[in-house]
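Asker: These came from TrEMBL, pasted as-is:
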{"type": "TRANSMEM", "residues": "12-33", "note": "transmembrane segment"}
{"type": "DOMAIN", "residues": "17-280", "note": "domain 'ABC transmembrane type-1'"}
{"type": "TRANSMEM", "residues": "74-102", "note": "transmembrane segment"}
{"type": "TRANSMEM", "residues": "151-171", "note": "transmembrane segment"}
{"type": "TRANSMEM", "residues": "177-198", "note": "transmembrane segment"}
{"type": "TRANSMEM", "residues": "258-280", "note": "transmembrane segment"}
{"type": "TRANSMEM", "residues": "300-323", "note": "transmembrane segment"}
{"type": "DOMAIN", "residues": "356-589", "note": "domain 'ABC transporter'"}
Amino acid sequence: MIRIFKIMRPKFKILAFVTIILTMLQVACFLLSPNFYGTIVSLIANSNSSSSITIQIIGNIKFNVASPLEGLKWVAIIFLIVILIGTFSSLGAAYLANYIGLGHSRDLRNKLWDNILSFSKKEIDKFTHSNLITRFTTDIARVRFAVTNMLRMLIIGPINMIFGITLSLFININLSLILVALIPVLVIVMGITSWKLLPRFKKEIELAEKLNLETSESILGIRVIKSFNLENIQDAKFMNVNNGFANMVRGNYYGINIAFSLIFLFANLAIAFLLGIIGLKYKGTLDKQAHTEMIRNINIFINYIFVVVQGIMTTTFISFNIARGVRSSKKLFEVLDTKTSIPFVTSDKKIVKGNIVFKDVTFAYEDKNIIEHISFEIKPGETLGIIGPTGSGKSTITNLINRDYLTKHGQILIDGNDISELDTISLVTNISYVYQVPALINASIKENLLFANANATEEDIERATKAACAYDFINKFPQKFDYVLEPKATNLSGGQKQRLSVAQGLIKHPKILMLDDFTSALDAKTEAKVKANINEQFKDTTKIIISQKISAIKDATKILVMHHGKLDGYGTHEQLLKTNKLYKEIADVQQESVGGK
């Protein structure tokens with residue numbers, strides 16, 4: 001948690017200091033309350049007297065008044081002032097602590113977001129999407145709660161405990177011995193509670209993360225679960241995790257409640273013991289003044305017992321929440337301390353034409369080779385088709401061109417420059433990647449297109465959507481390009497989503513266009529038209545098409561056939577049908593694709 005405060009803005013650090021001062025003032029005012037209660041009780045008991053008396057507030061703070069009633073008036077006024085100071089200090093401290101907590105958590109989210117934006121695919125894969133979302137929400141909320149409590153409750157608890165004991169000594173040293181004897185018992189109870197529960201709270205956080213992951217995976221894979229009739233199996237798996245989390249939380253709070261109940265039990269036993277001892281020792285032996293003074297001291301002392309008890313309980317309970325915050329802060333710094341494996345490059349080496357060369361490229365993920373010794377060249381205006389079984393390394397090639405990963409061995413050149421030395425802005429503005437799963441957001445169609453190219457004109461939008469065969473269906477909507485898409489574009493069909501995704505890729509006027517299974521949801525007629533439009537309107541663009549369908553790549557200048565991460569074949573459609581067994585097998589299975597061979 002120290003690092004959390006170190007990266008806090010100077011403004012928040014100053015406000016944190018003010019919060020601590022206000023909190024200490026609040027505690028000081030409320031710690032005086034038992035003395036005022038006792039003094040008021042004493043004055044009320046002597047209200048029938050008309051003689052002057054000396055009023056003792058605390059320690060050597062005394063003043064003389066003409067009568068108990070006069071004293072009662074002044075004590076009430078002073079007490080009201082002290083209470084008002086304490087109340088306004090409490091309100092100010094609470095407001096500032098909340099302001100600091102919310103403001104700093106906002107800054108933490110911004111820092112997380114900025115760092116995540118710099119991540120390559122390698123870092124995203126390392127943390128996973130659900131894990132990062134948990135850090136943005138649950139972990140930052142826990143850190144905020146911990147910061148807020150450290151600024152207030154972690155000060156209030158120990159001060160109540162320490163000064164409650166100290167102030168009781170000013171009242172009566174003999175009575176305070178009972179409190180001194182009570183403290184070790186309470187500390188032992190809370191020490192055992194902390195020893196037992198802190199590991200359980202750590203486990204609770206781990207189970208919460210597991211529950212988030214299980215929920216995320218189940219929702220994302222709901223179609224697969226239903227299609228394979230796995231509802232019962234997945235339900236049992238989810239219920240097991242959910243019940244484990246619920247039982248852990250229930251056990252933790254039972255433990256806290258038992259500990260707090262024991263504390264109140266021992267505190268009340270101490271009070272009963274105190275009253276019993278005083279009753280037996282002073283029975284019938286005190287005069288009226290001594291009796292009144294004893295009542296005052298007992299009243300004050302009982303209040304201080306509960307002040308100390310509250311301090312111990314507050315400190316213990318807050319320590320649990322701070323422990324959660326510490327664990328969450330470590331998880332946040334795991335992300336913040338992670339530097340991208342592919343740094344931002346500012347260079348005069350830029351993409352000009354889009355000529356791509358792979359020279360004996362090998363890429364490994366976690367020491368396992370994904371592709372090995374891949375070599376090819378694709379010139380501007382040419383089209384490279386990539387085909388192969390699932391897991392053969394097709395998408396890895398495009399990920400390397402997109403610089404989502406760096407090669408383990410070999411070299412990738414774009415326009416004669418090593419890809420690792422290319423200017424980052426030039427790379428992202430001159431390469432368009434149309435993913436198999438369309439990346440559409442909850443916004444209008446126009447906003448989705450401008451998301452890909454903020455500087456696109458109306459003419460650019462029309463040109464791109466017409467090339468992608470999306471223009472006609474868009475204009476059938478009453479709002480046309482202002483038609484708002486639902487989350488994940490659920491109000492579009494699969495084919496409409498793919499065509500709109502293609503339009504996003506085309507609107508950038510890229511030098512390199514990569515299309516990953518972009519026609520999987522299109523009928524043969526629309527697929528042929530989209531391909532023809534792209535070839536006609538983007539003649540000078542280097543095009544790379546990944547597909548499981550022969551029909552999508554058979555017209556490519558060259559075709560790569562991938563198998564188990566290796567180059568199994570390289571050539572034109574006609575050449576591969578004659579020379580490559582795997583390609584021939586795929587073509588034979590897709591009979592409709594080989595009718596014109």
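Quick reminder: no glycine exception, Cβ is built from N, Cα and C everywhere.
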Asker: Taking a Cβ cut-off under 8 Å, which residues six or more beyond the ends of the transmembrane segment (300-323) line up next to it in the same chain?
Answerer: 1, 31, 33-35, 37-38, 142, 145-146, 149-150, 153-154, 156-162, 164-165, 167-168, 171-172, 175-176, 179, 182-183, 186-187, 190, 193-194, 197-198, 201-202, 256, 259-260, 263-264, 267, 270-271, 274
Asker: How about the transmembrane segment (12-33) and the transmembrane segment (177-198): at least 3 CB pairs under 8 Å, pairs 6 or more apart in sequence, or not?
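Answerer: Not in contact, no.
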Asker: Same chain only, please: residues at least 6 beyond the ends of the transmembrane segment (74-102) with a C-beta under 8 Å from a C-beta of the stretch. Say none if there are none.
Answerer: 8, 12, 15-16, 18-19, 22-23, 25-26, 28-30, 32-33, 36, 39-40, 43, 55, 57, 63, 65, 144-145, 147-148, 151-152
Asker: Let me know the model's mean pLDDT on the domain 'ABC transporter' (356-589).
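Answerer: Reported value for the domain 'ABC transporter' (356-589) is a mean pLDDT of 89.
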